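> Checked TrEMBL, it gives:
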TRANSMEM  20-39  transmembrane segment
DOMAIN    83-227  domain 'Flavodoxin-like'
BINDING   Ser89, Gln90, Thr91, Gly92, Thr93, Ala94, Ala141, Thr142, Tyr143, Gly144, Asp211  FMN binding site
DOMAIN    282-524  domain 'FAD-binding FR-type'
BINDING   Arg301, Thr538, Ser599, Arg600, Lys605, Lys606, Tyr607, Val608, Thr609, Asp642  NADP(+) binding site
BINDING   Arg457, Tyr458, Tyr459, Ser460, Thr475, Ala476, Val477, Tyr481, Gly491, Val492, Ala493, Thr494, Trp680  FAD binding site
Amino acid sequence: MENSEGVKIESTVVTEEPLISALDIALFVVIITVAYFWYFKRDKQSSSSEKKPYTIQPSSLSSIEQTSNSSFIKKLKSTGRSLVVFYGSQTGTAEEFAGRIAKEGARYKMKGMVADPEECDMADLVEMKEIQKSLAIFCIATYGEGDPTDNAMDFYEWLQNGDADLEGLNYAVFGLGNKTYVHYNEIAIYIDQRLEELGATRVHEIGLGDDDANIEDDFVSWKEKLWESVCSHYGIEETGEESNIRQYKLVDCSEVLPERIFSGEISRLKSYENQRFPFDVKNPYLSKIAVNRELHKSGDRSCMHIEFDVDGSKMRYDTGDHVAVYPKNSSELVDKIGELLNADLDAVFSLLNTDEESSKKHPFPCPCTYRTALTYYLDITSNPRTHIMKELIEYASDPKDQEKLKLMASSTPEGKKEFHEWILRDNRNIVHILEDLPSVKPDLDHLCELLPRLQCRYYSISSSPKVYPKSIHITAVLVNYTTPTNRVNKGVATNLLAQLIPTNDELPQPTIPIYIRRSQFRLPPKSQTPIIMIGPGTGLAPFRGFIQERDYARKEGREIGEMVLYFGCRKKDEDFIYENELQEYVANGTLTKLHLAFSRDQPEKKYVTHLLEQNADELWNIIGEKSGHLYVCGDARSMAKDVHSIIVKVVMEKGQMTNSQALNYVKKMEQQKRYSADVWS
């Protein structure tokens, strides 16, 4: 108002007595205009600088580069490639398989590339027919309750909702799943069928890998037949050239400034020193351990109750969600690799992709030291796959070691048997292999290229945000076991967590990187809906959160439905976790019934499945007559399957249905989210 009012007054003065010239007015307007733009430009820059710390930049690509790289068709055409292998991966296995297929393409004169569907415009699949003798292969994992992996979600939805004409697209699909889960390889099967529906040509039948058995064997067997089909379809022959071409080249980074060297961060340099919201798989939150206490009362096993402090992080979770924990390998194993290979673990290096067109410039954050890579980024405790055996052959100086590796890398029945017995049955990791084959001395940088990425571990959250909005609780059994070679293998995450004991307030509290993964394992929307929870051992974890949430609602004066819990453990006086809490919930009426099975407290073992069979009337009353919800959490291999069979049997008998009708009834419960499972194998 002041500027406008001033100009008006000055205009009046000029009319009556021209003391101010037109030039003065023009200069004044210019000054005001300059001042105006200077002020707002400065304000905008200030605002921009304030927001900048909250922008998370990708580790290797700018947003402009990502946009230009979204067209995989342009990359194929510009580099003379005809094979693209997409992966839908949650733990890295599908990505690893995709890389192996793309690499082998060279043996069939099909230059290949690996692609992440999340970073690609998948609508470009319609243009694959423009590339001569082109082929798209999909290595797709299924996880959870038949869910796509995070990076394949957009592609899955595009297939569901779109009607693209894919005539001329040649494809093959390999699925990664686990037969102990109800929705075994559901996503891969859907993609395989949907691509055909849209007009694409299946070059080779779908492969279904079972992680509960031997997914490596499944993959290798499928891959061999795949190439036979490819040769037949395109009229080509294998060149016979065995290629061990490196995907990454070693770069000496000894001169890199210390502040530019990664020290364990997942994606962004110094991300643990300068935490930025939002927190996710590439940007975890460094949480303090607020509580770490033992739940078992006695015995030689350990079960930990751990609370992660998330106060001030802006992280939010829902009851039933999972928390991902980023572990690190033990220094003992890392040092052992350094000793066996006579390597300087503190040397700074980088691995740079030899394929300049690849969006994945490094296999893990680089540059870093070998110690950092082996501690934070590489999986050194799992059983190596056959392709690693193959790559190690050239580093064996002893003919006997060479022959053993060649045998295990082969696809012959004898080779598969040897690999199964010596690697899988005896549970050898890369450290054990280097110990037992002493002449094998691989270059450490090549070993770092070969080993898979160390993955985060997921735990069911055992708390409710209504009761604990500033902390996340988990319930974790310490994993330690002796292998057939008398070595003690230790769980990477649980053994790390066991060491993170909070101290008094004067000392820095132990920390660990975490993030929240959303789940479909949810309480019914209405608190009055009755529910049955079946969770032996640490399967109790999410139900502790469910009970807390219903107890919170009850204390608020809301009506809550029946809550029936089936819990089992070995011995009441040894591993009955959260006993006092559960008894208190029974006493105050939140928990309607608590059915307990202590398998080793009597001569004949008793499990929760026995109690379920005994309480058929109660089961049917809740899931049949009252349309309640049923939840299962725990072991997928036996317990969850047995529970499913019992539920079908109860529905048949109490609902007076045939077997097929009962199966359909249970399937409908699953579709309506009235029968949910949070299981693991």
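A Cβ is built for glycine as well, from the same backbone N, Cα and C atoms used for every other residue.
For the listed features, I'd like the structural context: burial, neighbours, distances.
Helix, strand and coil counts under DSSP for the domain 'Flavodoxin-like' (83-227) come to 65 helix, 35 strand, 45 coil.
Cβ contacts within 10 Å of Tyr143 (FMN binding site), excluding its own Cβ and spanning all protein chains shown: 20.
Around Arg301 (NADP(+) binding site), the C-beta neighbours below 8 angstroms that are at least 6 residues distant in the chain are Val477, Leu478, Asp575.
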> For Ser599 (NADP(+) binding site), which of the binding-site residues Thr93, Asp211, Thr475, Ala493 has the nearest Cα in space?
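Of all the candidates listed, Thr475 is nearest in space.
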> Give me the non-local Cβ neighbours of Ala141 (FMN binding site): same chain, 6+ apart in sequence, Cβ-Cβ under 8 Å, ordered along the sequence.
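Same-chain residues close to Ala141 (FMN binding site) (Cβ under 8 Å, separated by 6 or more) are Gly88, Ser89, Gln90, Thr91, Thr93, Ala94, Thr149, Ala152, Gly175, Leu176, Gly177, Ile187, Ala188.
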> Can you give me the Cα-Cα distance between Arg457 (FAD binding site) and Tyr143 (FMN binding site) in Å, rounded to a whole number?
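Computed Cα spacing between Arg457 (FAD binding site) and Tyr143 (FMN binding site) is 14 Å.
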> Looking only at C-alpha atoms, tell me how far Tyr607 (NADP(+) binding site) is from Gly491 (FAD binding site), rounded to the nearest Å.
26
> I'd like to confirm something. Which of the binding-site residues, Tyr143, Tyr459, Thr475, Gly491, Trp680, has a Cα closest to the Cα of Thr609 (NADP(+) binding site)?
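Smallest Cα separation from Thr609 (NADP(+) binding site) among Tyr143, Tyr459, Thr475, Gly491, Trp680: Trp680.
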> Around the C-beta of Asp211 (FMN binding site), how many further C-beta atoms are within 10 angstroms, looking at every protein chain?
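There are 18 such Cβ atoms around Asp211 (FMN binding site).
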> May I ask which of the binding-site residues Tyr459, Thr475, Lys605, Trp680 is closest to Tyr143 (FMN binding site) if we compare their C-alpha atoms?
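Checking each of Tyr459, Thr475, Lys605, Trp680 against Tyr143 (FMN binding site), the shortest Cα distance is to Trp680.
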